[in-house]
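The next block holds one structure in the form of structure tokens; read it before the comments.
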């Protein structure tokens, strides 16, 4: 019977997909040796609604007992890697779309960022203005920014719905209630009030990378209280992304994927603000991000709103690119945390396709192949299920 998979399972299956496609599992070989994690790749997948972090554990590195280990080697019957264990953790509300709404709410909920009804947002470029809402933006060809007023299109909606007093996970758990209030989402308020920006008349960008990075750290990556609706991550042993690489770490290369973060890195590379062979040097990324975030935007006749990049073709400001600075800040924060653990990744790549050892694109990131692989390698269970389901399951119908 079909069922929803957990974020932990999605991460583990994506790990299997990545390493199987890249031919690193060595299912029948002895590549792993005594260190069953050797030669494998880790993954940070930043989607729209959530972020999955998954990497192989080194056998001799200490991990606190409260951190959940995923015995993927035994569950997927990986032969010589049968003792392989993973950290696989999923953070809701930390996808590119959902985190944008949550960050905007927190920035404009702080008195120090509000002056005479104007919210100064360091993650938006100078010259960019919008109304006080986390709704989806639309930028017209004449440079006008309009924000959707539909509740359905509001990027705060998922977390605002979670933070309702009618939700038992909030009303019965004091920590979740406190986390909601800390993010300006009072469970006792109405949904409309939780989606609103009190005291704000307009949001303007200031293009300050360091302040944007500090906000990303404070509200998204290393908050004092867990980001609302992250019960699954807490059950795995992590209340925040910032804790993951402090409590568990790996020297496996890490691939960061997801259109939002990869496109932000590609933007820097296209304007020579980041090397083409970038492999995760956080200082290099910060230097490039500081220069990009300081670029103002302006209206150009016939082109609309563009980033005013001197000496280069103007870059259009779109609903996807207007918060590039925030995506770069999140990328830099992830890189910094990856490099503070007991073990550090051999390298970090931002890629939207799976690459082989020569750098050739050979597949897509997904969890589906990993799910099939784990199921198919459990030979006894597979044989039993096929027997019980009968030929009608796996043979084409002969009916006319």
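Using the three backbone atoms N, Cα and C, a Cβ is placed for every residue, glycine included.
Copied over from TrEMBL, here are the features:
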- 10: active site, proton acceptor (ACT_SITE)
- 48, 49, 50, 51, 52: ATP binding site (BINDING)
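Restricting the binding-site residues 48, 49, 50 to those with a CA within 10 Å of the CA of residue 10 (active site, proton acceptor) leaves an empty set. In sequence order, 7, 10, 11, 14, 43, 44, 45, 88, 89, 90, 91 are the residues near residue 52 (ATP binding site), counting only same-chain partners six or more apart with C-beta under 8 A. Between the recorded positions 10, 51, 51 has the most other Cβ atoms inside 10 Å of its own Cβ, all protein chains included. Fewest Cβ neighbours within 10 Å among the binding-site residues 49, 50: this applies to 49. When Cβ atoms from all protein chains are considered, those within 10 Å of residue 48 (ATP binding site) total 14, not counting its own. Within 8 Å of the centroid defined by the CB atoms of 48, 49, 50, 51, 52, the record's ATP site, lie the Cβ atoms of 7, 45, 46, 47, 90, 91, 92, 94, 95, 96, 98, 258, excluding the listed residues themselves.
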